[in-house]
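Only one structure is covered here, and it is reproduced in the block below.
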Amino acid sequence: MNHLNKLMERLGHQFNNLELLKIALTHRSSGADNNERLEFLGDSVLGFIIASELYQRRPQAREGDLSRMRASMVNGDELAQMSTKLGINEYLQLGVGEQKSGGKRRRSILADALEAIVGSIYIDAGLETCRRCVLNWYGERVDDLSKLSPKKDAKSLLQEWLQARRLPLPTYEVKITGEAHAQTFTVNCYVKGLPHKTEGVNTTRRRAEQIAAKRFLELLDDGKGDGITERDQ
């Protein structure tokens with residue numbers, strides 16, 4: 001019995017070309033034939049599928065709201081959680097160094113692998129099969145799309161807060177540490193003329209910026225950060 005059969009059962013698709021799934025599970029630290037190209041494709045396919053569902057289910061929503069709702073569905077945290085739920089982490093092929101550093105639990109690797117699998121299903125069986133799989137993974141969240149609230153991210157809210165008061169836009173200073181396969185991003189956020197300075201630390205630059213922006217808002221107005229998401233944009 002092929003060791004990938006259980007995973008294919010969870011994914012809801014039996015691959016015609018099993019090599020596509022194997023590549024989708026192979027991180028760049030493991031060798032040259034890795035999942036980066038499939039991830040690139042899968043990112044676009046996944047975004048299209050969710051955008052299409054939102055367009056159909058939210059006919060009155062504005063473009064900006066649709067974009068924010070899509071972002072909440074395909075951000076790194078959401079994809080990493082889904083990847084773990086599907087058990088993709090159990091099948092990842094990583095280099096020795098990446099394995100030792102806990103790569104099978106790393107959010108970015110899990111999210112990238114899920115996108116690569118989306119790309120592999122799209123190539124293997126086409127858009128409709130891929131759509132069916134993706135919507136099945138999201139489960140009840142798909143049904144909730146018609147009720148989804150378009151929350152703004154912290155960076156957008158901070159920019160709006162400053163613009164409303166005719167203040168300069170924030171500056172985000174980024175410091176990168178660690179090896180290429182395990183980088184840490186430290187972002188400092190400040191606004192010229194204001195005394196505050198906040199820091200956000202994460203394994204992705206975008207999320208570190210969101211964390212720093214959320215903390216800055218909380219300093220500007222106690223409670224301002226309530227309900228603000230720190231998701232990737």
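Placement of Cβ uses the backbone N, Cα and C atoms for every residue, glycine included.
Feature annotation from Swiss-Prot assigns active site to D43, E115. Residues annotated as Mg(2+) binding site in Swiss-Prot: E39, D112, E115. Feature annotation from Swiss-Prot assigns domain 'RNase III' to 4-126. Marked as domain 'DRBM' by Swiss-Prot on the basis of sequence analysis: 153-222.
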Nonlocal neighbours by CB distance (under 8 Å) for E39 (Mg(2+) binding site), same chain, sequence gap 6 or more: D112, A113, E115, A116, G119
Candidate with sparsest Cβ neighbourhood (10 Å radius) among D43, D112, E115, the listed recorded positions: D43
Three-state composition of the domain 'DRBM' (153-222), taking helix and strand from DSSP: 27 helix, 21 strand, 22 coil
8 Å Cβ shell about E39, D112, E115 centroid, Mg(2+) site members excluded: N35, E36, L38, F40, G42, D43, A111, A113, L114, A116, G119
Tally of DSSP helical, extended and coil residues in the domain 'RNase III' (4-126): 92 helix, 2 strand, 29 coil
